[in-house]
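Notes follow once the structure below has been shown.
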Amino acid sequence: MVESDQFPENSTTIMDDDPEKRSITAPETDHEEHQVCDAGRTHGGQITRAKMLTTLIICFCNLINFMDRYCLPGILPMVIADLKLSNFQGGLLQSAFVVSYVVVAPIVGYLGDRYSRRAIMGCGLLVWSIVTMAGSFMTTFETLLIFRCLGGIGEASYSAIGPAVIGDLYIGDTRSKMLALFYFTTLIGGGLGFITGSGMAAATSSWNWGLRVTPILSMVSVLLIAFVMRDPPRGLSEGSRLVSTSWQKDIVYLLKNPSLMLSTVASIAVTFTVGAIAAWGPQYVFLGRQILNDNSLSFDDISLVFGIVTIASGLLGVVSGSIMGQKLRIRFPSADAIICGIGMICSAPFFYALLVLSLGSIYAIYVLAFLALWFINLNWALVGDILLYVIIPTRRATAAAFQILVCHIFGDASSPFIVGLISDALKPTVESDSETFRNFKSLEYGLFVILFVEVLGGFFFLACSWFLVSDRAKATRAVAVSIPDQSVLYDKSKASQVHVFVPANDPASSGHTVMIKRSSQIMDEVNLDTV
């Protein structure tokens, strides 16, 4: 296998950002047809140094973003005590990033399907580094909240673009493995956030320093994006010649995709649960230890172990889910969604046991947390994979931006303050002379809501499995029609027909040849949505 450090800039003859071009043009000669075929197949199958470096940079951006997101829960009791906040206000600080994310993410999704993704990522992360560092110097709730509201700029700059770039670099099981690596850094980042936030705060006796590690690392990522990262042509791995369409048509296409819609709703439940546990889990366990008069563990100690549990469960969960998906989808085409659904439903009993037995052995609590998180972490890479293979290449950034946006709004951005709000509302109903016990029980009542959300999300994943095969087949055929290669064979005697053959190991078609009608070798993009 020959290793190349350059992406073929001419692997597609259509410029995605040209608004005047609204068609998919077939190769003019058989020689050109085979050239493009070979480029797509070769570059989608091998792992080169350039592709690996680009993938690692994207993963690094994801890592530091989630480090920043979850360094606050590691210092939340210090912030609440210092600024004299309620649980609702504390949860609001954790959820505030969604304000800027809602504004920036749709714009980035649109631009990411049309313009330089490297420039978008670099500029966004540079702005995010500045505002995050500035926020660490704030000493009042109002000013800190303002800068936490701007924290969504960083994730919006790469979260939709990153997986789309990975999708353009790899195909098949290689893509699944790289997506597993990307989503694994989500869990690693969350765990390191607990550790670095609480660790820096303990070392400096100031919670402000707990917020200053990630801005420095973010500046490093900006330099890597500027000088090392490469931006491959869209659809490179599949040899696609699809072109971008209007934003309105993109949105209509996404809304009519059942697999995307159902997996998105189910993913809301995932992020809702993870967000609530990340924000309030260490605090809940710490309050339980105080009720038992167990002073052997400080909040920093619990945050450290919680971070380790998060990392360990994330590593095993993401890798296990990815491997199960790769193995099972060959025989069971809907396996990805089924694994996600079963994982969500199985996670709920362990979270319930954790809440009920929270005044028991601390080791039992950690084991239950690990098992609950392991089941829920099965789905991270699989959900990303589902999006990439049911959506055509030129709409993936928009689809990812849409999915992540609604997951944040209704998921991890909402759950911390919803749990805090329920906790504050039910606290007066807890009959006890102990303030600690009242805080503990009210927070427990608030956390019970995640159990219902998890089970509901599991059923949405199972419903997604009903449409997965057909939606994947539609996307596969659309890409195949856009460029004739070994998977698209022209019937010279029937100019109005194209034989599209998808390999037998692709669950989208089970190895069948499908006939797609078209009037000529130039097909308008409006008809593409009906393929």
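Backbone N, Cα and C atoms are what each Cβ position is placed from, and that goes for glycine too.
What TrEMBL annotates here:
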REGION    1-37  region 'Disordered'
COMPBIAS  19-36  compositional bias 'Basic and acidic residues'
DOMAIN    54-473  domain 'Major facilitator superfamily (MFS) profile'
TRANSMEM  56-80  transmembrane segment
TRANSMEM  92-112  transmembrane segment
TRANSMEM  119-139  transmembrane segment
TRANSMEM  145-166  transmembrane segment
TRANSMEM  178-203  transmembrane segment
TRANSMEM  209-229  transmembrane segment
TRANSMEM  259-282  transmembrane segment
TRANSMEM  302-325  transmembrane segment
TRANSMEM  337-357  transmembrane segment
TRANSMEM  363-392  transmembrane segment
TRANSMEM  404-425  transmembrane segment
TRANSMEM  445-469  transmembrane segment
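Under 8 Å from some Cβ of the transmembrane segment (92-112) lie the Cβ atoms of residues 69, 72-73, 76, 79, 85, 120, 124, 141, 144-145, 148-153, 155-157, 159-161, 164, 247, 250, 275, 279, 397-402, 404-405, 408-409, 412-417, 420, all in the same chain and six or more residues away from its ends. Counting C-beta pairs under 8 angstroms (sequence separation of 6 or more), the transmembrane segment (363-392) fails to reach the transmembrane segment (404-425), with fewer than 3 such pairs. When each of 119-139, 178-203, 445-469 is scored by its Cβ pairs under 8 Å to the transmembrane segment (209-229), the top-ranked stretch turns out to be 119-139. Taking pairs at least six residues apart, the transmembrane segment (56-80) and the transmembrane segment (145-166) share three or more Cβ pairs below 8 Å and count as touching. If you look at the transmembrane segment (302-325) against the transmembrane segment (178-203), you find at least three C-beta pairs under 8 angstroms, all six or more positions apart, and that counts as contact. In this model, the domain 'Major facilitator superfamily (MFS) profile' (54-473) carries an average pLDDT of 88.
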